[in-house]
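What follows is a set of notes on a single structure, which appears directly below.
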Amino acid sequence: MTSSPLFFILLCVCIKICSADHQNLQDFCPTATTTKQTIFVNGFPCKDPSNITASDFKSSKMNGSGDTDNFLRSAVTIVTAADFPGLNTLGLSVARTDLEVDGMVVLHSHPRATETLFVYKGVVLAGFLDTQNQLFQTKIREGDVFVFPRGLPHFCVNVGFEVATLYSVLNSQNPGEVSISGAYLEPDKDMLHKLVNNYI
Ligand SMILES: *[C@@H]1O[C@H](CO)[C@@H](O)[C@H](O)[C@H]1NC(C)=O
Ligand SMILES: *[C@@H]1O[C@H](CO)[C@@H](O)[C@H](O)[C@H]1NC(C)=O
């Protein structure tokens, strides 16, 4: 019977995922990327139905590691309906995160989406802050999933000894990003590490 709570959690996540953006009124509506936008709607206008092909529902944008040659030794590739036509009106985005050893994604939030973070490779410390400023963080490993509730500031740090690869699903076709650390200070890596290490 241990699978019942898990099933319930998965069901809740699925209901949440399916209900975040506005409900779809047709099977699909791949983004019309070539036509000049003359009307402005909540989302993107649909492609001419006679021109829709399977390639509208495929993306190769996460097929390789992002460029981690930077100060934070990390790369996030987020693919929204703007970059992946098939996602338009479906209420989902996907992302890939690559973290070198000690690499990190600093505090940020997505105002319109909950994010599930799946570890494909590596050991990562992931956490978020709630509206009471309480920190919830834990180490996640290959095969684990962590969830960042909608709108709450979150981060992740590679605390393992190899490169980490993570994939996310977000329940909005346009999750948005508010970068909290960058808003008022340049991220100081040593300080962030001390902060994180104090909590481990
Ligand atoms: C549909 O595809 C054809 C052939 O690729 C192209 O010539 C035409 O402009 C497209 N129509 C629209 C509305 O995008
Ligand atoms: C990833 O996708 C790009 C663009 O479609 C393609 O050029 C590249 O060969 C792909 N890389 C791999 C490893 O499949």
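The backbone N, Cα and C atoms fix where each Cβ goes, glycine too.
Just so you know, TrEMBL annotations never went through curation; they're auto-generated.
Record features, source TrEMBL:
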| type | residues | note |
| --- | --- | --- |
| BINDING | His108, His110, Glu115, His154 | Mn(2+) binding site |
| BINDING | His110, Glu115 | oxalate binding site |
| DISULFID | Cys29-Cys46 | disulfide bond |
| DOMAIN | 69-192 | domain 'Cupin type-1' |
| SIGNAL | 1-20 | signal peptide |
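The Cβ of His110 (Mn(2+) binding site) has Phe148, Arg150, Gly151, Leu170, Ser172, Pro175, Gly176, Glu177, Val178 as same-chain neighbours under 8 Å, each 6 or more residues away in sequence. Annotation for Glu115 (Mn(2+) binding site): same-chain Cβ neighbours under 8 Å, separated by at least 6 residues, are Ala95, Val147, Phe148, His154, Ser168, Val169, Leu170, Pro175. Within the set of disulfide-bonded residues (Cys29, Cys46), the lowest number of other Cβ atoms found within 10 Å of a Cβ is recorded at Cys46.
In the structure shown, the C-beta of His154 has more C-beta neighbours within 10 angstroms than that of any other entry among the binding-site residues His108, His154. Classification of His110 (Mn(2+) binding site) by DSSP places it in coil, neither helical nor stranded. On the 0 to 100 pLDDT scale, the domain 'Cupin type-1' (69-192) averages 92 in the predicted structure. Take the mean position of the Cβ atoms of His108, His110, Glu115, His154, the recorded Mn(2+) site; other residues of that chain with a Cβ within 8 Å of it are Ser109, Ala113, Phe128, Phe148, Leu152, Pro153, Leu170, Pro175, Glu177. Reported as a whole number, the C-alpha separation between Cys29 (disulfide bond) and His108 (Mn(2+) binding site) equals 30 Å. DSSP labels the residues of the domain 'Cupin type-1' (69-192) in these numbers: 11 helix, 58 strand, 55 coil. His108 (Mn(2+) binding site) sits 31 Å from Cys46 (disulfide bond), counting Cα to Cα.
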